[in-house]
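**Student:** Pulled these features from TrEMBL for this protein:
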DOMAIN    1-245  domain 'Protein kinase'
BINDING   18, 117, 118, 131  ATP binding site
ACT_SITE  113  active site, proton acceptor
CROSSLNK  115  SUMO2 cross-link
């Protein structure tokens with residue numbers, strides 16, 4: 001059954017297809033997750049930084065989501081494939097990400113699993129946010145966000161507070177972690193076990209190495225996002241006014257190529273030998 005088809009595609013269009021077995025949709029929470037993903041993608045169709053939902057097909061055994069295809073691949077491996085990148089490259093991409101977060105949050109959509117692995121890069125240096133499978137839509141039909149949800153190193157402190165509702169500010173925290181990864185090559189809160197990582201995240205203590213390529217405004221941006229008090233984190237809309245995202249501002253540090261050590265760290269992040277501690281995705 002063809003249940004959604006907003007625009008016909010010609011035979012030469014390359015698309016991406018996400019296939020979900022109907023046997024997987026055996027619990028209300030998993031059905032709810034799929035509904036949230038479809039609704040989020042539908043509401044964000046006008047956003048160029050989000051994959052375009054082209055069609056949804058369903059039969060007795062599968063549900064298939066057909067979306068636009070992004071040829072550049074995941075963000076960090078795509079950046080590592082370049083001969084040289086600098087801080088200006090990063091802040092240009094981050095501004096795109098903050099723009100789409102502002103649009104999402106204005107619609108009541110929280111991603112909840114923001115991380116470099118869920119960011120794709122088109123050939124024309126356009127960012128695409130993907131995987132809205134555990135997103136949340138803030139309306140009367142959905143309860144407040146509570147419970148562990150997301151990927152360990154990118155989770156905000158308040159997510160660990162059992163049964164305490166949290167807000168879209170969890171995306172702002174994850175944004176700060178993403179920027180930290182891009183300007184250092186590793187996550188700010190590293191630990192072998194999830195309990196130790198939780199302690200580090202709750203403390204909010206991290207060290208940005210004194211690389212010459214990390215500007216003072218970049219450090220300020222990260223610190224602003226990684227505020228352990230959620231209410232003190234800025235909204236995505238207000239972050240667009242942060243000096244680091246003012247692309248008309250030119251500083252010599254922005255154009256310094258990242259060091260070989262930095263690129264090696266990014267490469268290691270893109271090809272980890274061990275997976276970081278993760279939290280199983282949870283839906284209310």
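Each Cβ is built from the backbone N, Cα and C atoms, and glycine gets one as well.
Help me picture these features in the structure, burial and contacts included.
**Tutor:** Residue 131 (ATP binding site) carries neither a helix nor a strand DSSP state and counts as coil. Listed in sequence order, 113, 118 are the same-chain residues six or more apart from residue 131 (ATP binding site) with CB atoms under 8 A from its CB.
Its Cβ taken as reference, residue 113 (active site, proton acceptor) is surrounded by 23 other Cβ atoms within 10 Å in the chains shown.
DSSP assigns residue 115 (SUMO2 cross-link) to coil in the three-state reduction, outside any helix or strand.
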**Student:** Let me know the DSSP-derived helix, strand or coil state of residue 18 (ATP binding site), please.
**Tutor:** strand
**Student:** Inside 8 A of the center formed by the CB atoms of 18, 117, 118, 131, which other residues of the chain have their CB, for the recorded ATP site?
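**Tutor:** Everything else in range on the chain: 113, 130, 133.
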**Student:** Could you tell me which of these recorded positions, 18, 115, has the fewest other Cβ atoms within 10 Å of its Cβ?
**Tutor:** 18
**Student:** Do you know offhand how many angstrom separate residue 18 (ATP binding site) and residue 115 (SUMO2 cross-link) by C-alpha?
**Tutor:** 19
